[in-house]
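In what follows, a structure is listed as structure tokens, so that the remarks can point back to it.
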Amino acid sequence: MRRVLCNSRKMIWSLLAQAPVSLAYYKSSPSIYKTKPSTPLNRFSSGFLAPISTPAIRVFCSKPGKVGSMASSVLNQGSISYLTQREAAEVDETLMGPLGFSVDQLMELAGLSVATSIAEVYKPSEYNRVLAICGPGNNGGDGLVAARHLYHFGYKPFVCYPKRTQKPLYSGLVTQLESLSIPFLSVDELPVDLSKDFDILVDAMFGFSFHGAPRPPFDELIQKLINLHNYEQVQQKSPVIVSVDIPSGWHVEEGDVGGEGIKPDMLVSLTAPKLCAKKFSGPHHFLGGRFVPPTIAEKYKLCLPQYPGTSMCVRIGKPPQIDISALRENYISPEFREEQVEVDPLDQFRKWFDDAVAANLKEPNAMALSTTGKDGKPSSRMVLLKGVDKGGFVWYTNYESQKARELSENPHAALLFYWDGLNRQVRVEGSVQKVSEEESEQYFHSRPRGSQIGAIVSKQSTVVPGRHVLHQQYKELEEKYSKEGLIPKPKHWGGYRLLPNRYEFWQGQTSRLHDRLEYSPQEIDGKLVWKIVRLAP
């Protein structure tokens with residue numbers, strides 16, 4: 001089978017697990033080829049997706065069963081099935097014909113999956129220098145594509161491509177990288193200790209179609225990756241190794257037989273995990289690609305994880321144990337200086353809010369609202385900003401909720417906006433008052449009818465016997481108001497307006513030297529002006 005399968009599976013592999021398929025199988029089964037017998041089989045031929053155990057990931061499973069003589073049948077939803085070379089080949093044969101993918105399409109999808117998997121874990125602010133070591137086949141092509149995407153993601157990639165394939169597809173990939181001024185390094189130009197010059201090493205030398213012992217110069221390159229474990233003992237930080245499809249040099253089904261092979265930190269499986277992936281013990285296992293139709297999954301009784309949102313990759317298994325005390329982000333942002341800010345803090349807020357909207361951040365109007373009742377105990381929750389002007393910041397809620405009770409006892413509150421994608425936050429503090437009944441009425445009827453009914457159903461912060469009660473009440477009200485044009489606003493629902501008396505604008509910076517500019521009101525010559533001061537981070 002052609003690269004089509006190779007890349008197809010690669011993408012899916014990145015989600016579940018990975019295991020190589022040997023070229024020997026394809027040579028022994030020429031009937032499965034749709035192209036010339038000399039064309040390398042796709043790497044995905046090594047298998048399809050299996051169920052994943054992460055609770056955050058939904059799984060699409062066909063009915064339990066076996067694919068022909070499949071030795072490794074799909075396991076329970078809490079585990080992953082691993083496929084043999086022959087099982088993978090059977091799936092590949094089906095994919096190759098009717099799906100109509102081309103080799104370059106699948107290679108593009110595979111490389112993109114690898115790049116997005118890397119970006120999920122290793123941020124360019126911490127792991128910037130990437131060396132992609134690419135072999136002469138499809139696996140190497142995936143590495144070349146990944147390098148291009150990583151460049152556009154903000155990384156600084158380098159490529160070692162010692163045995164170039166003179167086919168138009170691969171020549172085009174090289175030209176694309178050269179047009180971006182991405183350096184190509186020969187084996188001789190690489191340092192003895194790769195940890196000195198690189199943060200991430202992408203192992204894209206051999207995929208599941210490889211068999212036998214690696215030949216020069218790849219035996220030397222593989223040894224360089226193995227040696228990193230020795231360097232790791234004498235230095236604080238070692239570069240991470242990301243293997244594409246399978247770790248180069250591993251046996252397709254038996255894995256690292258001698259226990260002395262590459263030990264990658266991340267494995268990006270494509271199409272489905274192969275048996276060797278069972279031996280992977282690194283902290284990050286991803287599966288990439290999202291092109292397998294349900295008909296194929298049903299035919300081969302496969303369990304496939306659903307990709308979150310628009311992601312090209314999904315994590316397999318549980319994330320690694322994290323040392324919370326070691327979690328930190330080294331923010332990289334433009335400097336935020338006093339001479340750059342608006343005189344009026346409301347104008348500065350609008351400017352930053354517009355930036356958050358333009359950056360397509362999710363719910364840029366989400367804000368943490370903190371209140372305190374007469375008992376002095378603070379409480380916080382997320383609400384949505386629904387209006388801001390010279391009068392203040394407006395949101396809407398149930399007047400019988402906990403926050404409403406606390407505001408009736410202490411009409412002062414604090415708001416916090418956090419825009420992670422921009423390394424910014426804004427704090428606003430002030431007194432709070434209810435908006436007019438007319439304003440609440442107008443906003444209530446601007447909401448979707450479902451939200452209006454939901455506001456009536458929810459006696460916010462009160463105990464509910466079960467979710468079924470809410471659904472039943474909602475259904476009854478939906479039927480009740482189905483013939484009525486206007487749904488009446490409940491008396492216990494309306495808006496609040498916070499009147500600011502303090503703003504703080506925070507911009508994350510490197511080495512924790514964050515910018516913090518505070519606005520506070522000051523009366524000068526009978527006029528109210530805003531005083532701007534810088535606070536220590």
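Glycine is no exception: its Cβ is also placed from the backbone N, Cα and C atoms.
Quick look at what TrEMBL lists:
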DOMAIN    88-324  domain 'YjeF N-terminal'
BINDING   ASN138, ASN139, GLY140, GLY141, ASP142, GLY207, PHE208, SER209, PHE210, HIS211, GLY212, ALA213, ASP245  (6S)-NADPHX binding site
BINDING   ASN139, ASP203, SER248  K(+) binding site
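Cα of ASP142 ((6S)-NADPHX binding site) to Cα of ASP203 (K(+) binding site): a distance of 10 Å.
With the fewest other Cβ atoms inside 10 Å of its Cβ, the least crowded of the binding-site residues PHE208, PHE210 in this structure is PHE210. One way to see the shell of the K(+) site is to take the Cβ centroid of ASN139, ASP203, SER248; the remaining same-chain residues with a Cβ within 8 Å of it are ILE133, GLY135, GLY140, GLY143, ALA204, MET205, PHE206, GLY207, SER243, VAL244, ASP245, ILE246, PRO247. Set side by side, the binding-site residues ASN138, ASN139, SER248 differ in how many other CB atoms lie within 10 angstroms of their CB, and the most is found at ASN138. Taking only the Cα positions, the spacing between ASP245 ((6S)-NADPHX binding site) and ASN139 (K(+) binding site) is 8 angstrom. In this record, (6S)-NADPHX is bound by ASN138, ASN139, GLY140, GLY141, ASP142, GLY207, PHE208, SER209, PHE210, HIS211, GLY212, ALA213, ASP245; the longest C-alpha to C-alpha distance in that set is 22 Å. Calculated from their C-alpha atoms, the gap between GLY212 ((6S)-NADPHX binding site) and SER248 (K(+) binding site) amounts to 11 Å. Calculated from their C-alpha atoms, the gap between ASP203 (K(+) binding site) and ASN138 ((6S)-NADPHX binding site) amounts to 13 Å.
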